[in-house]
Amino acid sequence: MSLIIGFVFDRILGAPRLALSINLAWRSALQAPARSVLTILGVVIGVASVVLIAGLGDGARHAVANQIQAMGPDMIMVSSSHEAAGPRLRARHAADMRQRLPGAVRTAPQILVRVTAIGPVRAFDTRAIGVTSDYFNLGAARTVSGRLITRQDETGRERYAVLGSEAAERLFGSGGVAVGRQIQVNRVPFTVIGVLEPRGAGLFGEIDATIFVPLPTAAERLRGVRPGAPDQVDVISIQFDSSQSLRAGRGAVTGYLRQTLRVREGEADPFSLVSTEEFAEQTQALIGIVQAALAAVAAVSLVVGAVGVANIVLVSVGERTREIGLRSALGATPSDILRQFLAESVLLCTAGGLIGLASGYAIVWAAGALLGWSAGVSPLYVAAALIGGAGTGVIAGVAPALRAAALNPVDALRAL
C-alpha cells in the first residue's frame, strides 16, 4: 500500500516529499495497529452518526410523504371527542359536508374497533375499520387479489372483509390464499373478499395490519349497535380538490360541526381536526429537531475523536524524538517533519472517516430494509463525511506537528 501511495504522489502528482511523508505516516500507523484503531474510534463514531442521521432523516421524510400520499392528499380528518356523554359525529354528517363544503370531493365516515382476528394460521389483536366504498378512493387503494368493499356490501350489511397485506400474512401465512376464505373477527365470521397492496411501514403503517369491513356491519356486528340506532362514527375523512380548498375548508368544517352539534359559544369543540398538510409540517419539524439533537451528539463525537488523535500524535512525537533527530541530521527540513506528522494525523482520521462512512451506510441500509423505507445516503453527505474526517485530522494534527517541527536537531540527536 505504501508503494502505491508513493507512486501516486511521486510520479503522478509530482510531490515526492508529500509521498515520503504519507509513506512514513502509513508505516507508523501499521507499527501499532491496535493503538491506531483506538485512536480513530471517536472519528468513526462521529462520521457514522452523521451518515446515519442524514440517511434516516431523509428516509423518514420520504416515508411520511409516501404515507400521506397513500392515505390521501389534501385531506382533513375529524375525530369525535372521547367523552361518551358529548355530541358525536354521525355518518350523515359526512354526506352533508360533501355537499356543503366548497372544494370537498369525497368524504368517508369510519368506525374504529379493536378486535381479535382468528385465521387458519394464527390469531392476533389488531384494528378493524368500518368503512364505506368512498374510503378506498381517498388514497387510491389497490388490491393484490380480490376486490374492495362496494355500496351493495354496505346496504346488504354483508360480513365481508378486506385485509391489509400484513393482516393477510398473519392470518393465512406468507403466500397463503386469503380471498374466499373465512376468518373470525371478535368471534363473528367474515368472508375475505380482497387483500390490499402493502403501503409500507411508517406513521400510518398499522394500515397494513388492519381489517376493513362495511360500515353498517362494523356498527352492528363488532360494536353491538342495534339496527336503526343513531349512526355514530369515530372519524370522518374529508378530501378537497386542492391545498387552497383544504386551508379554507378547515374553518368551514369547524363552523358546520359546531352548528350541527349545537355547541354553545365558549364551549370547547367536541371533536378534533387535523389536516394532512399540518400533520406533514409537524412531522417534518419533529424530524428536524431529532436530527439537530443527534447532530450535536455526532459533533461531540468528532471533537472527542479529534482530541484523541491529537493526544496520540503528541505522544508519538515524544516517543520518536530520536527518529526526528536522525531525519534532521540526514537533511530533513522542519517543513518535512511537520508534513510527516500532519500526514499521519490526516491519514488516521481519513481512515476513520471511511470506516464511519461504510458503517453508517450499512446501518442506514439495514434500517431502511427493516422499516420499509427507501433510505439512502446522498453523495453530498458522503463528501461531507470524508471532508469532515480529513478536516478533523488537520485540526488534530497541527499542534503535534508544529511541536515536532520545532524540535532542536541537536537535542533530538542527544536522545540517540
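We count from 1, first residue shown onward.
Placed from the backbone N, Cα and C atoms, the Cβ positions cover glycine too.
Averaged over the domain 'MacB-like periplasmic core' (36-250), the predicted model reaches a pLDDT of 86. Look at TrEMBL and you will find 36-250 tagged as domain 'MacB-like periplasmic core'.
Annotation comment: TrEMBL describes 37-57 (among others) as transmembrane segment.
Non-local neighbours of the transmembrane segment (292-317) in the same chain are 28, 35, 38-47, 49-50, 52-53, 324, 341, 344-345, 348-349, 352, 388, 392-393, 395-397, 399-401, 403-404, 407; each lies 6+ residues outside the stretch with a CB under 8 Å from one of its CB atoms. The transmembrane segment annotation in TrEMBL covers 292-317 (among others).
Annotation source TrEMBL lists domain 'ABC3 transporter permease C-terminal' at 296-409. Residues in the domain 'ABC3 transporter permease C-terminal' (296-409) partition by DSSP class (helix H, G, I; strand E, B; coil) as 99 helix, 0 strand, 15 coil.
As annotated by TrEMBL, transmembrane segment applies to 346-368 (among others).
According to TrEMBL, the transmembrane segment annotation covers 380-402 (among others).
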